[in-house]
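Peer 1: These came from TrEMBL, pasted as-is:
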- 28-48: transmembrane segment (TRANSMEM)
- 79-95: transmembrane segment (TRANSMEM)
- 101-121: transmembrane segment (TRANSMEM)
- 151-169: transmembrane segment (TRANSMEM)
- 311-412: domain 'Histidine kinase/HSP90-like ATPase' (DOMAIN)
Amino acid sequence: MKRAAKVTKAVARSGAAKRVRAELAGNWGDLFFVFVALVFFAITWPTLTETHNVMVSVLPFLSALATWPIALVRRFPTAAWAVVAFACLIVVPTRDNPEYMLGWPVTFHLALATCVAAVVLTAPLRQLLLVVPATVLLMGLNPTFEIKFGWMLGALMFSVLFFLIRWLVLSRRQLATSTVQLARESARSSEQADLRILAEERNKLARDLHDVVAHQMSMIVVQSQSAPYRLQGVTPAIHAEFDTLAETARGALDEVRGLLGVLRSDAESPEVTPVGADQILPTLHAARRSGVDVTWTVSGEIADIDETAGVALQRVLQESLSNASRHAPGGAVVVNLEIGADQTGGFGDGAKVASIEIDNGPAAPDALIAPGTSGGSGIQGMSARVRAVGGAFTALPASDGGFTVTATVPLRSRAR
């Protein structure tokens, strides 16, 4: 006893017991069919001689031949069916009980039905074309015509039933797989679309920054070169310093053009629409001339808006007016532009900001709206552009059915 206890403890410490439990946990189905095979075998062996004339020495072998294949039906369904069907063929000629109207014992029938169901549910279709007709013909070995016809029809209906179950399970599985794949593709497409939109907006922003930086650097070059002629008392050393400054600015300008200018591929159509704060009012006037019912108010000096902030605000205004024309034609558009100190505290103490709010009402009742809805790319683009310059952006539906877009960007000192 002590030795057995030591062995048990050693096995537990080695982890063998856990591995055995894990192995058994994944094979409960196989264990169930092994149990069923043993039960059928225990029933068949002592009862087979009551209905069939079988030698006692052959009983265990014939009983095992008809029942033990059930233990392997999950892994080898067609082979298990073939062995059971062979056992049925062997036992039919030995029937010697006139009161027993079937060709073989009930356990043989149950074993054969189990194997047929497993084949129909799991085997390839070409094996079904062999197993199902063979089983129907096997049922024809029953002694009387009535029993033959009934069992043959029953075998066929039994096979059809399990084939329908197989089709239903596979269809549901394929539907679930297709749904998951469709959801993944949709998410991937949406993500790619978002990345493409952001990339396009970054490219546009980079081109705009290129124009702004080029303008500022050009101003430095011009001021440096003209300073000796505009200022009095410039010594040769100061003149040389201005020349060096102009040369450095010119080199920096060339480098900026080399880095950001590559975004202007020859295949791209140049943007002919001017951008910047100076174009905000002309854009509003042009929208009114095109038929948009737009009104606006300006608080503060537009001249205080620097180039970077002006580009962002101008793009937001253009996109918002375009969206209003497409999705709410005939609706009133109200634009409020405020330039001044930050009242929210979100940009730091004493920060100066420019805020634009575009509020477009619902479409006119008789307006013709183009079919289809926006995918939101314009809003994403505006948001990316404003946030890229350190601003805040919101776009929300209004209670009256319209839409309100608000963009606030920080200002820096503008070069004069």
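For all residues, glycine too, the Cβ spot is worked out from N, Cα and C.
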Peer 1: Quick test of the contact rule: Cβ under 8 Å, at least six residues beyond the ends. What residues does that give for the transmembrane segment (28-48)?
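Peer 2: For the transmembrane segment (28-48), the list is 54, 59-60, 62-64, 66-75, 91, 105, 107-108, 110-111, 114.
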Peer 1: Quickly jot the same-chain residues contacting the transmembrane segment (151-169) by Cβ under 8 Å, restricted to those at least six beyond its ends, or write none.
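Peer 2: That would be 113, 116-117, 120-122, 128, 132, 135-140, 142.
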Peer 1: Please report, as numbers and ranges, the same-chain residues at least 6 past the borders of the transmembrane segment (101-121) whose CB is under 8 Å from any CB of it.
Peer 2: 36, 40, 43-44, 47-48, 51-52, 66-67, 69-70, 73-74, 77-78, 80-81, 84-85, 87-88, 91-92, 95, 127-128, 131-132, 135, 138, 141-144, 147, 155, 158-159, 162-163, 165-166, 169
Peer 1: Would you list the DSSP helix, strand and coil counts for the residues of the domain 'Histidine kinase/HSP90-like ATPase' (311-412)?
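Peer 2: The breakdown for the domain 'Histidine kinase/HSP90-like ATPase' (311-412) reads 29 helix, 32 strand, 41 coil.
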Peer 1: For the domain 'Histidine kinase/HSP90-like ATPase' (311-412), what's the model's average pLDDT?
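Peer 2: The average pLDDT of the model in the domain 'Histidine kinase/HSP90-like ATPase' (311-412) works out to 82.
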